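Undergrad: Can you read through this structure? Questions will come right after.
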Amino acid sequence: MALQSLDIVRRSATTLPEPQVRGAHTGQVAKLIDVSKCIGCKACQVACMEWNDLRDEVGSCTGHYDNPADLSAHSWTLMRFAEYENPKGDLEWLIRKDGCMHCADPGCLKACPSPGAIVQYANGIVDFHEENCIGCGYCVTGCPFDVPRISKQDKKAYKCTLCSDRVAVGLEPACVKTCPTGAIVFGTKEDMHQHAAERIEDLKSRGFEQAGLYDPAGVGGTHVMYVLHHADQPQLYSGLPEQPRISAMVGLWKGMAKPLGLLAILATAAAGFLHYIGIGPNETDEHDEEAARRELEKTP
Amino acid sequence: MTNHWVDIKNADLILIMGGNAAEAHPCGFKWVTEAKAHNKARLIVVDPRFTRSASVADVYAPIRTGTDIVFLGGLINYLLANDTIQHEYVVNYTDLSFIVKDAFAFADGLYSGYDAAKRSYDKSSWDYALGEDGYVRTDPTLTDPRCVYNLLKQHYARYTPEMVERVCGTPKDKVLQIWDMIASTATPTRAMTIMYALGWTQHSIGSQMIRTGAMVQLLLGNIGVAGGGMNALRGHSNIQGLTDLGLMSNLLPGYMTLPNEKEQDFEAYIAARAPKPLRPNQLSYWQNYRKFFVSFMKAWWGDAATADNRWAFDYLPKLDKPYDMLQAYELMRQGKMNGYLCQGFNPLAAAPNKAKLTEAFSRLKYLVIMDPLATETSEFWKNHGALNDVDASAIQTEVFRLPTTCFAEENGSLTNSSRWLQWHWKGAEPPGEARSDLEIMAGLFLRLRALYRKDGGAFADPIVNLTWKYAQPHSPAPEELAREYSGGALKDLADPKDPTKVTRKAGEQLAGFAELRDDGSTASGCWIFCGAWGPTGNLMARRDNADPTGIGQTLNWAWAWPANRRVLYNRASCDPSGKPFNPQRALVAWNGSAWGGADVPDFVAGENPAGGMGPFIMNPEGVARFFARAGMAEGPFPEHYEPFETPLAANPLNPGQAQALNNPAARVFADDLAAFGKADQFPHVATTYRLTEHFHYWTKHVRLNAIVQPEQFVEIGAALADALGIGNGSRVRVVSNRGHIEAVAMVTKRIKPLTIEGKVVHTVGIPIHWGFLGVAKPGFLANTLTPFVGDANTQTPEFKSFLVRVEKV
């Protein structure tokens with residue numbers, strides 16, 4: 001939520017210039033999730049629910065360790081478990097913490113038609129301001145990672161805030177604080193890149209030749225990044241997109257369609273104006289007035 | 001743990017076997033990730049299932065549940081055959097050179113002295129041969145055919161890689177890859193730690209599995225060193241404290257033992273527990289047993305314990321047999337035990353064979369439950385449909401439910417796996433009418449004492465004379481109890497070297513167990529905790545995490561037993577001359593006049609290494625044992641026996657001897673023997689375990705835990721599911737010879753079929769945690785299925801290996 005120390009640099013559906021004097025001079029923030037250190041304990045899920053006062057329904061077992069079965073308005077992060085048999089014939093259990101990636105170029109924000117419902121702070125966090133949300137669901141379409149969820153209760157969109165309220169006062173996100181193995185770390189994006197480089201070197205020494213960082217360029221990079229053992233095959237991790245991009249629909253809506261729509265409005269106005277100056281205003285004569293009176297008398 | 005949680009970061013290699021640390025100990029597991037990230041450590045996981053621990057391992061190998069001795073015995077054979085052992089260590093610090101009695105023998109899976117009718121051994125031949133000087137005979141050249149080295153070699157020669165593959169089902173190439181990695185730690189500068197838990201303890205041969213692991217560590221010189229050790233991960237936040245304080249039925253505090261019924265003589269009782277050294281110049285620290293025992297008796301009975309009444313020795317019960325939980329429920333079922341105080345325990349859920357437990361509780365006159373939660377045990381009499389299908393009108397047991405505080409609602413100390421006593425402070429007031437366990441027990445005691453004082457009774461002395469000097473007798477404070485178990489001086493203590501000097505005034509707390517005396521002038525409720533609350537105050541409350549040496553030795557964080565020592569046997573981290581084997585991770589060293597370093601030396605502080613005192617000071621021989629002498633129920637060397645419910649008809653290691661199929665020394669009650677299932681009806685091997693999302697049967701009462709793991713399931717390999725036509729997420733019935741449960745089938749690639757003796761064996765994984773009470777989806781108690789038999793030494797039930805049949809619902 002809006003806090004003074006979190007300066008908004010982008011706001012959905014608005015063209016007003018944002019304040020630009022203050023900035024994140026120590027660097028933008030990032031959360032790094034080291035999948036190779038994650039044991040899938042779900043402490044992050046519980047910490048998220050506790051900090052954000054969320055309680056999902058007690059669901060059921062669907063034959064997987066993923067519980068709840070999907071993200072929801074009450075579950076902003078979720079461990080996804082995938083069993084993968086590698087070419088050597090050995091099994092790998094790839095466990096990925098799913099949730100908002102906090103894209104530098106956020107598809108949700110671009111898609112949102114409601115002024116100020118989605119914002120991006122100077123530190124890189126993308127946040128939803130639910131009081132401005134109209135529940136249209138465009139952010140869901142706009143997200144290349146399928147993250148936002150519309151609440152059945154209040155018809156508003158919810159997702160991970162990267163604990164913007166904690167970060168604003170110098171704390172790490174709740175999931176980071178609780179992670180028992182240090183698989184989730186938080187700092188400046190630059191520091192996280194350095195930390196990832198060390199981890200990747202370690203993974204390569206263990207035979208993961210394709211270990212690497214997931215910070216996809218298609219969305220301008222992300223403020224939640226993954227260290228993956230198989231960075232060449234992100235889809236192995238429960239369908240993490242290989243080359244995420246903002247949906248063409250959003251491109252159409254905010255790219256082509258918006259100026260086209262504006263053009264259509266302008267064209268209508270122009271047509272009216274041209275009609276006025278070329279042909280003059282529409283006028284009625286006596287015959288027209290008489291016909292109208294007759295129509296009126298017919299009605300009981 | 002011989003070592004401690006933080007020390008795991010020093011390991012070069014980590015073997016998780018008989019446990020699943022990532023799943024059950026996620027917080028401690030941070031030290032595994034630390035060792036991997038910053039010490040280049042490699043992680044090996046051997047488990048019947050590909051677990052959460054396996055998900056971050058460098059190498060994983062499957063194994064059939066209950067066959068770990070074959071895997072580790074094979075490893076011993078491999079290390080000895082390839083001579084990849086730490087020679088300087090094993091020759092000086094173990095009994096490999098000791099000569100064993102001629103009468104000791106092993107044939108067809110049985111040791112000398114077996115009595116099949118009693119299912120026990122006459123252990124008189126299980127000992128070292130003594131010379132004329134009264135000391136054990138040794139052969140430092142290790143050539144004598146009767147020395148432990150050659151007997152060990154001979155014993156495990158049968159444990160070949162091929163045998164491991166046949167019995168465990170572990171592919172031979174994986175076996176050899178893992179053994180090779182482990183053998184690399186025989187060099188003094190590399191250390192392996194072994195992390196295990198209930199995956200080893202909960203077998204009918206569990207204690208011997210752990211011993212086999214310890215023997216591997218001794219051969220590699222990995223005991224007593226930083227980054228090494230045998231590390232038992234305790235599952236309950238204070239289960240370490242429970243055993244330390246002697247809450248097992250045969251124990252007294254500090255691992256002293258209750259006398260048995262033949263031990264009516266005090267001096268004989270002490271002599272049997274205070275052995276003379278078996279080798280020259282050995283410490284044999286248990287020779288101080290009398291000091292620990294007398295101080296303990298003074299703590300409990302104060303002025304009533306005197307030299308004249310042999311320190312109230314007659315007050316102690318003398319055991320005719322062990323009274324473990326299995327024995328207790330058997331006695332209840334027979335109608336011989338008819339009242340039960342059940343404190344902080346949910347046995348209907350947590351003990352094996354629910355049907356037997358229901359029958360046992362139904363014969364009680366009264367059952368008192370002390371628990372913060374509404375447990376299944378407290379509603380064993382109530383019908384909960386298929387989940388607890390009982391006829392309440394047929395059960396006459398009167399049940400009392402006394403709500404207690406939980407740990408966060410009281411002050412006190414919890415002892416973790418690292419043996420650290422950590423003081424904690426009340427975080428919230430207890431709800432409603434909840435009272436602390438202390439208040440409830442004090443109330444019960446005061447009423448009993450009043451009745452005995454008024455009416456007398458058979459042998460009232462132990463009750464009426466019990467020390468009860470608490471400020472509020474009905475509510476002893478945790479601080480008062482802590483001071484009591486730590487201990488203090490009852491009189492002014494004079495310096496033995498200079499009687500004119502007083503070293504400790506009457507009423508002062510003692511700094512450690514070295515101050516305890518056997519003349520009644522000191523009191524200590526638990527000698528190994530002596531000093532926890534010392535003359536300077538409560539050391540358990542310390543929170544200084546300074547680590548001056550950088551190897552995780554935070555000596556000012558809380559307090560560790562014994563004597564604030566963090567790594568047991570740390571003298572063995574140095575060579576015989578007192579120089580650290582690995583100077584990079586030195587724990588202690590001899591500086592020419594004294595021992596010192598990053599840890600409290602586990603040795604006599606001024607003992608010159610030249611004197612040849614061994615580092616295993618608790619043993620009368622001063623060295624560690626490969627040959628367990630009479631210490632174990634089933635034999636001095638661990639031998640593989642099949643679980644009591646096995647898919648095999650014969651023990652592949654001893655096929656000709658039917659008595660050696662299962663543990664020949666395990667106690668089995670007649671009805672339970674009859675309730676074992678056979679492989680023709682129950683073809684699948686099952687194992688029970690815990691999930692990281694839940695804690696035992698508690699957290700199903702908690703919404704957050706229920707959200708992240710809501711409903712009971714069983715894990716079934718894809719091959720078995722295909723064969724039975726079971727779809728992922730469908731419901732299945734799992735049946736043993738004692739009952740059945742129904743749950744969601746989780747079909748997984750993480751459980752592979754194993755080929756055992758040419759036959760395909762499927763494993764079924766059964767998480768516990770669900771029951772008929774709580775906010776999670778109601779489920780069946782998993783222990784409906786499990787067999788009522790325990791380890792031959794500890795009587796810990798065989799929850800990890802039994803037979804079931806899976807059916808599609």
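Keep in mind that glycine also has a Cβ here, set from the backbone N, Cα and C atoms.
Here TrEMBL flags A:29-57, A:91-123, A:124-153 as domain '4Fe-4S ferredoxin-type'. Taken from TrEMBL, the feature [4Fe-4S] cluster 1 binding site covers A:Cys38, A:Cys41, A:Cys44, A:Cys179. The [4Fe-4S] cluster 2 binding site annotation in TrEMBL covers A:Cys48, A:Cys160, A:Cys163, A:Cys175. The [4Fe-4S] cluster 3 binding site annotation in TrEMBL covers A:Cys100, A:Cys103, A:Cys108, A:Cys143. Taken from TrEMBL, the feature [4Fe-4S] cluster 4 binding site applies to A:Cys112, A:Cys133, A:Cys136, A:Cys139.
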Undergrad: Listed binding-site residues are A:Cys108, A:Cys112, A:Cys133; which of them have CA atoms within 10 A of the CA of A:Cys44 ([4Fe-4S] cluster 1 binding site)?
TA: none
Undergrad: Per residue, counting other C-beta atoms within 10 angstroms of the C-beta, which of the binding-site residues A:Cys41, A:Cys108, A:Cys133 reaches the highest number?
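TA: The most densely surrounded of these binding-site residues is A:Cys108.
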Undergrad: Taking a Cβ cut-off under 8 Å, which residues six or more beyond the ends of the domain '4Fe-4S ferredoxin-type' (A:91-123) line up next to it in the same chain?
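TA: Cβ under 8 Å, 6 or more out: 2, 6-14, 22-24, 28-29, 31, 33, 35, 38-40, 44, 71, 76-85, 129-130, 132-134, 136, 138-145, 147-148, 157, 159-160, 162, 164, 167, 175, 184, 219-224, 226, 229-230, 236-238, 240, 244, 246-247, 249-250, 253-254.
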Undergrad: Measure from each Cβ of the binding-site residues A:Cys41, A:Cys100, A:Cys103 to the Cβ atoms of chain B, and list in sequence order the residues where some distance is under 8 Å, or 'none'.
TA: A:Cys41
Undergrad: Beyond A:Cys100, A:Cys103, A:Cys108, A:Cys143, what residues of that chain have CB atoms within 8 A of the centre of the [4Fe-4S] cluster 3 site's CB atoms?
TA: A:Met101, A:His102, A:Pro106, A:Gly107, A:Leu109, A:Val126, A:Cys139, A:Gly142, A:Pro144, A:Phe145, A:Val147, A:Pro148, A:Lys159
Undergrad: Distance between A:Cys139 ([4Fe-4S] cluster 4 binding site) and A:Cys163 ([4Fe-4S] cluster 2 binding site) at the Cα atoms, whole Å?
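TA: If we compare the Cα positions of A:Cys139 ([4Fe-4S] cluster 4 binding site) and A:Cys163 ([4Fe-4S] cluster 2 binding site), the gap is 19 Å.
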Undergrad: Give me the long-range Cβ neighbours of A:Cys136 ([4Fe-4S] cluster 4 binding site): same chain, 6+ apart, Cβ under 8 Å, in sequence order.
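TA: A:Pro113, A:Ser114 - these are the non-local Cβ neighbours of A:Cys136 ([4Fe-4S] cluster 4 binding site), listed in sequence order.
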Undergrad: Starting from the Cβ centroid of A:Cys112, A:Cys133, A:Cys136, A:Cys139, which together make up the recorded [4Fe-4S] cluster 4 site, report each further residue of the same chain whose Cβ lies within 8 Å of that point, ordered by sequence.
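TA: Once A:Cys112, A:Cys133, A:Cys136, A:Cys139 are set aside, the remaining close residues are A:Ser12, A:Cys108, A:Ala111, A:Pro113, A:Ser114, A:Ala117, A:Ile118, A:Phe128, A:Ile134, A:Gly135, A:Gly137, A:Tyr138, A:Pro148, A:Ala157.
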Undergrad: What is the average pLDDT across the domain '4Fe-4S ferredoxin-type' (A:29-57)?
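TA: Computed over the domain '4Fe-4S ferredoxin-type' (A:29-57), the mean pLDDT is 98 on the 0 to 100 scale.
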Undergrad: In terms of DSSP three-state secondary structure, what is the assignment for A:Cys175 ([4Fe-4S] cluster 2 binding site)?
TA: helix
Undergrad: Quick check: which same-chain residues outside A:Cys48, A:Cys160, A:Cys163, A:Cys175 lie with their CB within 8 A of the centre of the [4Fe-4S] cluster 2 site CB atoms?
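TA: Here the non-site neighbours turn out to be A:Cys44, A:Ala47, A:Trp51, A:Asn52, A:Trp76, A:Thr77, A:Gly99, A:Thr161, A:Leu162, A:Pro173, A:Ala174.
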Undergrad: How big is the Cα-to-Cα gap, in Å, between A:Cys41 ([4Fe-4S] cluster 1 binding site) and A:Cys175 ([4Fe-4S] cluster 2 binding site)?
TA: 12
Undergrad: Would you mind checking how many other C-beta atoms are within 10 angstroms of the C-beta on A:Cys175 ([4Fe-4S] cluster 2 binding site)?
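TA: There are 26 of them.
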Undergrad: On a C-alpha basis, identify the one among A:Cys38, A:Cys103, A:Cys108, A:Cys112, A:Cys133 that is nearest to A:Cys175 ([4Fe-4S] cluster 2 binding site); the candidates are the binding-site residues.
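TA: Result: the closest of the binding-site residues to A:Cys175 ([4Fe-4S] cluster 2 binding site) is A:Cys38.
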Undergrad: I want to verify one value. Collapsing DSSP to three states, which class is A:Cys103 ([4Fe-4S] cluster 3 binding site)?
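TA: A:Cys103 ([4Fe-4S] cluster 3 binding site) sits in a strand per DSSP.
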Undergrad: Please name the residue among the binding-site residues A:Cys44, A:Cys103, A:Cys139, A:Cys163 whose C-beta has the most neighbouring C-beta atoms within 10 angstroms.
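TA: The residue with the densest Cβ neighbourhood is A:Cys139.
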Undergrad: Test of understanding: give the count of other CB atoms lying within 10 angstroms of the CB of A:Cys179 ([4Fe-4S] cluster 1 binding site).
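TA: A count of 26.
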